[in-house]
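Have a look at the structure below before the remarks.
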Amino acid sequence: KRNVKNVEGQVLHRSKRGWVWNQFFVIEEYTGPDPVLVGRLHSDVDLGDGNIKYILSGEGAGTIFVIDDKTGNIHATKTLDREEQAQYTLTAQAVARDTNKPLEPPSEFIVKVQDINDNPPEFLHGPYYARVPEMSNVGTSVMQVTATDADDPTYGNSARLVYSILQGQPYFSVEPQTGIIRTALPNMDREARQEYDVVIQAKDMGGHMGGLSGTTEVKITLTDVNDNPPKFPQSVYPMSVSEDKVPGEEVGRLKAKDPDLGDNGLVNYRLVDGDGMGMFELSTDSETREAVIKLKKPVDFETKRSYTLKVEGSNPHVDPQFLAWGPYKDEATIKISVEDADEPPVFVAPSYTFEVEENAPQGTLVGRVHAKDTDVANNPVRYMIPRYTDVEQFFSINSEDGMITTTRPLDREALAWHNISVSATEIGGHHQDTKVRVNIRVKDVNDNPPEFASNNEVLMCESVAPGKVIETVSAVDKDERTHRQHFTFSLAPEVAHNHNFSLKDNRDSTASVYVLRKGFSRLTQDVFYLPVEINDNGFPALSSTNTLTIRVCSCDSKDTILSCNVEPYVLPAGLSTGALIAILACIVILLVIVVLFVALRRQKKEPLIVFEEEDIRENIITYDDEGGGEEDTEAFDIATLQNPDGANGFLPRKDIKPELQYPIRPGDRPAANSVDVDDFIKTRIAEADSDPTAPPYDSIQIYGYEGRGSLAGSLSSLESVTTESDLDYDYLQSWGPRFKKLADLYGTKDCCVNDVDDGEDS
């Protein structure tokens with residue numbers, strides 16, 4: 001018979017198979033030196049000759065569980081943790097060793113990991129926060145805490161937990177089996193202590209020795225209930241108020257204390273008694289929760305000097321559970337003393353309203369205001385109208401009796417109401433004043449004639465039929481219109497019998513304009529003026545004549561207006577006279593702009609400075625032979641340096657543009673001159689120095705002689721043309737025609753320039 005044995009040697013029987021599989025067990029967290037034997041597989045076809053090979057497959061086969069293929073012994077090679085995996089499903093099979101042919105069909109079996117107490121209880125949601133009302137009865141549930149244990153709850157006591165309280169006695173307790181926290185003391189007062197820190201322990205193994213434990217913290221807060229009545233710190237509160245205070249001003253404050261929170265500590269105040277209940281009022285400050293005493297009516301020191309009030313403070317929200325601890329209210333007395341003050345005058349009325357007719361003459365009486373001094377001294381009062389309330393000074397007031405009069409005629413249509421102020425000041429007092437509002441209504445007088453409500457033109461078709469209403473007119477009047485007043489309309493006498501139009505009064509302040517004939521043509525007459533007389537039937541009655549403008553227009557067959565202009569008939573081309581004039585003006589302006597542009601372009605082409613070669617302001621004289629040195633005076637004509645007109649007399653210097661001179665051509669050598677150059681130069685210098693009338697202009701003096709024995713070098717700029725210089729004057733080529741002369745002289749270094757006679761050193 002085939003069988004399988006576990007480690008206990010138990011034989012498992014099965015009738016229809018060669019072997020029977022059952023559950024194997026292996027203890028977790030095994031730390032021995034050798035692999036732990038899980039069980040042994042054996043088949044009744046195994047004769048012990050080694051021809052049978054056992055094969056193991058499934059979860060952990062070959063890694064965690066290994067099998068001896070000859071004996072069928074199964075060992076666990078690693079430490080197992082039940083909390084990671086509680087069981088493993090494996091498959092065993094017996095095959096022939098030489099052919100690997102299955103001798104038995106494969107079958108599954110389970111290896112269960114046997115639990116040990118290796119996990120302490122844990123509070124997964126800690127720390128905890130709980131709230132319970134103050135003054136709760138003993139045993140009131142606060143909250144429930146629950147710990148978890150990863151050990152197997154079905155095996156032994158490893159996961160059987162027991163709860164206990166480590167911190168928080170004697171205020172709270174915990175049920176050992178459920179973990180429910182309850183109050184343990186009566187009358188716990190939030191006002192005495194609000195928060196409690198409780199530590200709860202959970203221990204496995206049923207709480208016995210050797211069990212593992214875990215703890216958690218529970219913060220319990222006592223919530224407020226209305227268990228305290230309000231209380232005024234004082235029984236009597238003294239206050240004072242000056243008699244010049246106005247109603248609504250604050251007199252004083254008081255507050256009842258209630259240690260409860262929120263609505264439980266809310267206090268409502270009210271006046272319950274006292275002779276000042278009619279003079280003072282009480283309100284509550286929403287932020288500070290104080291009772292505010294305010295003046296309800298003005299107080300008078302001369303009439304009554306003290307008042308008494310009784311104030312009650314009570315809780316609006318009372319807990320029926322604590323009614324026996326009441327009453328939840330308290331009372332206090334307020335004593336208010338009235339202080340004397342110098343009061344301003346008081347008007348006998350809070351405001352005044354007067355009427356005056358418009359156009360009334362200057363000095364017309366409007367009304368009178370009156371104020372009096374309420375103090376014991378009863379000083380006289382002076383009146384005035386503040387300028388800012390009557391900027392245009394329509395009114396004046398008598399400073400002694402308060403009589404208000406007009407200063408000019410008033411116009412209701414400009415301003416129907418005048419709102420001014422009058423101030424009264426006590427003479428001899430502290431110059432305190434009181435102001436009163438005075439409203440003056442200007443009564444209407446019929447002084448404006450009626451006029452058309454609209455001044456729009458009336459458009460009428462040329463083909464209008466006689467008897468047709470072309471317009472309904474109405475009127476307006478700037479004056480105040482009475483209930484029965486109405487406007488009447490009629491044609492002016494000069495057009496009363498015209499043959500074109502008639503007017504009918506509709507007796508409802510409107511009138512209709514009718515056409516009397518046909519055959520209107522806007523080519524003959526395109527505009528008609530119809531004067532209409534309007535009467536307002538007022539008192540006194542006023543009337544005015546208004547002109548109604550009627551324009552004749554061309555219309556289609558449906559009387560739709562097409563055009564009211566006469567120009568399309570006069571100008572068949574389709575352009576009006578104004579449009580043609582505008583076009584011609586634009587053409588003329590364009591022509592003028594073109595002419596100006598061409599003139600400016602021509603003017604720019606003319607040079608501003610004449611750069612002719614004949615310009616003698618810079619002459620280059622070319623010589624073909626060398627001079628004879630300083631003693632040679634025959635090489636040039638000294639007469640060119642002389643002024644024959646001023647040789648023997650005194651002439652002022654004239655700075656004028658020299659006339660054109662032509663350079664001396666080579667070969668035309670000037671005749672010798674016997675004048676000493678040195679004497680000539682000195683003479684000319686003396687003339688220039690002694691000339692007081694010469695203007696301070698620069699003048700060009702040309703001297704061809706430097707004098708005898710001069711050690712100075714040449715001062716001429718002509719020599720720089722052939723001198724090797726570091727300066728580059730090629731940029732002069734790009735400066736235009738005005739600088740062409742300079743560009744030719746200095747622009748290129750290899751340009752041929754003929755020097756002047758070396759004997760002149762110039």
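Don't overthink the numbers, they just go from 1 along the chain as shown.
Using N, Cα and C of the backbone, Cβ positions are placed for all residues, glycine too.
Predicted automatically and left uncurated, TrEMBL annotations should be read as such.
Feature annotations, courtesy of TrEMBL:
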DOMAIN    43-123  domain 'Cadherin'
DOMAIN    124-232  domain 'Cadherin'
DOMAIN    233-347  domain 'Cadherin'
DOMAIN    348-452  domain 'Cadherin'
DOMAIN    452-570  domain 'Cadherin'
TRANSMEM  579-600  transmembrane segment
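Taking H, G and I as helix, E and B as strand and the rest as coil, DSSP gives the domain 'Cadherin' (43-123) the counts 0 helix, 35 strand, 46 coil. Broken down with DSSP, the domain 'Cadherin' (233-347) shows 10 helix, 51 strand, 54 coil. Per DSSP, the secondary structure of the domain 'Cadherin' (124-232) breaks down as 3 helix, 45 strand, 61 coil. Mapped onto DSSP helix, strand and coil, the domain 'Cadherin' (452-570) counts 7 helix, 53 strand, 59 coil. Per-residue confidence over the domain 'Cadherin' (233-347) averages 91 (mean pLDDT, predicted model).
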